[in-house]
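Reading through the structure tokens given below for one structure.
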Amino acid sequence: MHPILFRIGPLEVRTWGVLVLIGFIAGISYVAKRARVIGVSTEKIWDFGFWVGLAGIVGARIFYVLYHIPYFKEHPSEIIKFWEGGAVFFGGFLFALITGILYLIKNKKYLPFWPIADFASEALALGMFFGRWGCFFNGCCFGKETHLPWAVVFPPGSPAYEVMDSLPIHPSQLYESFANLILFFILLKIEQKKPFDGFIFLFYMFFASLIRFFVDFTRYYEPENVYILTINQWISIAIMVTSVVIYFILRRKAFKKH
């Protein structure tokens, strides 16, 4: 674990924040490059990325605080310290998704909805690869106890150590990181054969949720946040079902055009 990358005087530059920033810049740069091919300006994409990214940070932090209300009741000043780590993927995803949809609808004259959504989904998969490494270095979003050969032990002072002590645990952050990297390359592979605009986005939504569903079996959660399945697993199921429904709607429309 290496939560603090370096210090400049009293200022601490945290690894989590740097890796999330790298993921964000890499993702938006990727979308901007792909969007130029269909005539969308780089300026529009960066504006889109700014608002979606901001919404994602706010949503991820709000959900994290809601998941840890007892702690933040005692430490209210730490609620806004998102740069120190502590975020819930689906909170950020839902806020970013809603913001992105509203932005694309408002700017549909300049940004074609489904093609941009396809590019953005590839960027999300790439961004998650970097972001989860940030979680690993920060010691948050940690796994349950395990005695598998690749189990990890986090050092004192880390969020994982505060809960799990020196027990070996799943590196669940890395499971999700590498799974998203694989998903990114799969999306690139199938894009050229996509049956209609929006297919890549729906493919990502379904399989990113499926990844999270299975990774959550290795993640540690407080007992009060588990209802047979975890909250994130229930959200994953809802997203997968929604993705399948929208897929059939778009496929039907695409067939009618032909």
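From the backbone N, Cα and C atoms, a Cβ is placed for every residue, glycine too.
Note that TrEMBL annotation is computational and uncurated.
Source: prediction; values computed, not measured.
Summarising the annotation, TrEMBL assigns transmembrane segment to 15-33 (among others).
The transmembrane segment annotation in TrEMBL covers 45-67 (among others). Below 8 angstroms of C-beta separation, residues 24, 27-28, 31-32, 35, 79-80, 82, 86-96, 98-100, 103-104, 107, 111, 116, 120, 222, 225, 231 of the same chain, each at least six residues beyond the ends of the transmembrane segment (45-67), sit close to that stretch.
Panel annotation: around the transmembrane segment (87-105), residues 48, 51-64, 66-67, 111, 113, 116-117, 120, 124, 128, 212, 232, 235-236 of the same chain, lying at least six beyond its termini, place a Cβ under 8 Å from a Cβ of the stretch. The transmembrane segment annotation in TrEMBL covers 87-105 (among others).
Counting same-chain residues at least six beyond the ends of the transmembrane segment (196-215), those with a Cβ under 8 angstroms from any Cβ of the stretch are 89-90, 112-115, 117-118, 120-122, 124-125, 128, 172, 175-176, 179-180, 183, 186-187, 190, 232-233, 235-237, 239-240, 242-244, 246-247, 250-251, 253-254. Per TrEMBL, transmembrane segment is recorded for 196-215 (among others).
As annotated by TrEMBL, transmembrane segment applies to 227-250 (among others).
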